[in-house]
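Accompanying notes for the structure given below.
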Amino acid sequence: MNVSALLTSVGINTGLCAVLLLLYSILRKQPSNVNVYFGRRLASMHLTHNDPFCLERFVPSPSWIVKAWKTNEEEILGIGGMDAVVFLRIVVFSIRIFSIAFVICFLLVLPVNYYGKEESHHKRISSEQMEVFTIENVKEGSRWLWTHCLALYIISCSACILLYFEYKSISEMRLAHITGSPTNPSHFTVLVRALPWSSGESYSDSVKRFFTNYHASNYLSHQMVYRSGRVQKLMTDAEKMYMVIKAASIEQNCKPSLMQRGLCGQPADSFNILPSEDGSVSGKSVVNMDMGKSTKESAAAFVFFKTRYAAVVAARVLQFSNPMLWVTNLAPEPHDVYWSNLCIPYKQLWFRKIGTLVATIAFMFVFLIPVTFVQGLTQLDQLQQTFPFLRGLLKKKYMSQLVTGYLPSVVLILALYIVPPVMMLFSAIEGSISRSGRKRSACCKVLYFTIWNVFFVNVFTGSVISQLNVFSSVKDIPTQLAKAVPRQVTFFTTYVLSSGWASLACEVMQIFALLCNLFKRFVLRNKDDSSSVTLSFPYHTEVPRLLLFGFLGFTCSILAPLIVPFLWVYFVLAYFVYRNQILNVYVSKYETGGQLWPIVHNTTIFSLTLSQIIALGVFGIKRSPVASGFTFPLIICTLLFNEYCRQRFLPIFKTNAAEILIEMDRKDEQSGKMEEIHRQLRAAYYQFTVASHELCKFECLSHGAKKSSPDPKNVKPGNEPRQQNGSQTVHCNLDVEENRMK
C-alpha cells in the first residue's frame, strides 16, 4: 500500500466523522430526540424539553464539546460512578502515553526509518510505499538502530510510571468509595451455594441450623433463592398485569373481584389501596408478596451478618470439610444480582466454564474465515488472480486505493459486530452471579478475541494452515513477529481510522436508538418520552476497543511511527465523546468500584512486553547486538514492575480490608445506625421485585390524589417519590421500566 491509499482512507473517515458530528450537534437540539441523546437526564427528571421553535436549533454548535471539557472528575463521579471515572482514566492515560510516543517517534524514529538506506531514491510523499516509513527500510547492521532502542526505553518507562500513579490513585479512590458511599447491603451479605440436601429438613432450615451453630454470634438472618424458570416468569408477568390493572383503578372504587375491577367506582378522592391476602400494604412482607413460598427452594441463599467484618470472614473462610459444599462468596449489590444464575447447581459451574472456553476457542477459529478474506483484499495482485473479471476495475487508481486502503478494515469491523453479543451469551452461560461480573467476563473475552483476530491472525497473511504453522516452534515467534508486524502496520492504521474514528462518530450519533425513535414517532405515532429505555454503559465493547488500540500503538510505535498520530487523534476524540455520553445518555445501574482497572493494567503490561519481544526480534534480524542486549533487561524490568503492582495494589480490588470494615462497623454502632441497617438488609434482596416497584407507583399516585406523604419504610432506596406532583408518576414509571429491562 502506498501513502495515497492511506490518505484515501483518511479522507473518507474524516469526512464521515465530520458529517456525523455536525448532524449530532443539530439533532441533539430537537425536542423529539430528547430520549435518544439525553436518556440519563430524562430518567433522573432533570430535563425539560418543551423549547419553542427557534432557528438556533438548526445551526451546528460545539456546545457539547465545551460542556464535556468543563465537567470535572467529581461531577463525573457523582453522575456515572467510579466505573465511569476509571473508564475515562483509561482514555486520559492513553492520551498521555501516546503524546510522549508521538514526540519521540517523530523526532527520533521516523527520520531514521525514512533515510535508513543511503542508496534509496525517494519519490514524492504521496507516491511512496508505506514500507519506507517502517523499520524495514533500515539496513542491516545500521548504527542508527540505537534510536529505536532509546525510543522503546522512553515509551516503556513512561508507561510504567504513568501506570503506577494511575493504579495508586484509583486504589485510593476505591478505598474512599467504600468508606464514603452510603451503606451497602452487600457488605453485610454472603451468598451461600451448594447447600447439601437433607430429606428431614428444607434448605432454609439447613441454612439456619448451620449458621446458628457455627456463626451464632454474628448470624442475623437469611433469605432463600427460589427457582425462577419459565413458569415463574409467567407468574411474575401475571402479577405485574394484576398490579397495573389495580393502579389503573385509581379513580374507581371496586370490590376485590377481577371481574368487576375497573368497571365501577367513585372519584379519585375515594380511592383505597386494597390489601393483599398476606397483610397490609405497609408491611414489608407485602412488597415481596411471598411469591417465593409458592416456588421451589434452590440450593442457594443470602445470609445476613451483623457486621461487615463478620461477613467478609465468613465469605473467605472454608465453611465445610468438603470444598464443594457450603461455598460462600460476598454477595453482589442488590441491583447487580443476576438472579437466573443463582439457581445453577454449583457442580455444573466447572463444566459450564470448560464448555464456554471450548466454544470461545472454536468461535475464534471459525472467525479465521472472514479475517483471511480481509487479508486477501489487502493483496491487490492476489485479488486480481483470484477474480480475473475484476482486473479492469482494479487497474483504476482510485478503485485500487479504495479496495486496498479502506474496504478491508470495513469488512473486518462489520464481522466483529457479532462478537460482543456472542461473548455476553457465553458469559451468561458461564454462571456469573452478578451482572457486572458477566460484563467483565464478556469484556475479557472480547478483548482476547479482538487481539487474536485483529493482530495475531492478520500479521500472518495467507491460508489458515500457514497461520497455524507459524507457531510450530516457540523460539521462532519473536523472529516471525518481527518480520510480519511491519508489513501489516498499514492495515492496522486503516483499522484505527475505520474502527476508531468512525465508531466514535456512530457512538455519539446513537444511530440505532435514533432510528428506533423515528420509527416510534412517525410509524407507531407514539410521542411519549417517559417510556424510553435507559441504557447502561457498554463497557464490554468500549474497554476492549480502547485496549486494542493501545495494544496496536505499543507494538507498532517504533516499527512504524505513522500509526501514532492517528491513535492520538482517536483518544482525544474519545475523551470528549465518552464524557458526553456519560453525562447525557447512559445510566449507572450498578457499581463495581473500579474493577476494570486491573484488566487495563494487565493488558498494558502484556502490550509492553510483546512490543519489547518484537523489538528484540527486529534487532536480531537487523544484526544489532547492542540494541538486542539492552532490550532484554527492559523485558525483565517490566515483568518485575508488574509483579510489584500485583502485590501492592491488586489485593485492594479483590477484597475489602479488615481495618476499613471494622472502623465502619464501629462508626455505625456508635451512631446508632446498626439496628436500622439490620432492619433494611432483608428488604434489599428481593428476588421477585414487581410488587415493590408497583408499591412505589401506588405511593406516588396516592400522594398526588390525597396530598399525603408515603411511609419511607415502604419505599426502597433510590425509588423515593418526588415532591412535585407533575413528576411523580413519570419517575416511578421509569424505575419500573428500568427494572423490567434488567
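Cβ atoms are placed via backbone N, Cα and C, with glycine included.
Any TrEMBL annotation is an automated prediction that lacks curation.
Range annotated as transmembrane segment by TrEMBL, chosen from 236-259, 308-331, 596-619: 596-619. Away from its own ends, the transmembrane segment (6-27) comes close to residues 33, 36-37, 57-64, 126, 130, 398, 401-402, 405-406, 409, 490, 493-494, 497-498, 501-502, 504-506, 508-509, 514, 562, 566, 573 of its chain (Cβ-Cβ under 8 Å, at least six residues beyond either end). Computed over the domain 'CSC1/OSCA1-like cytosolic' (187-341), the whole-number mean pLDDT of the model equals 72.
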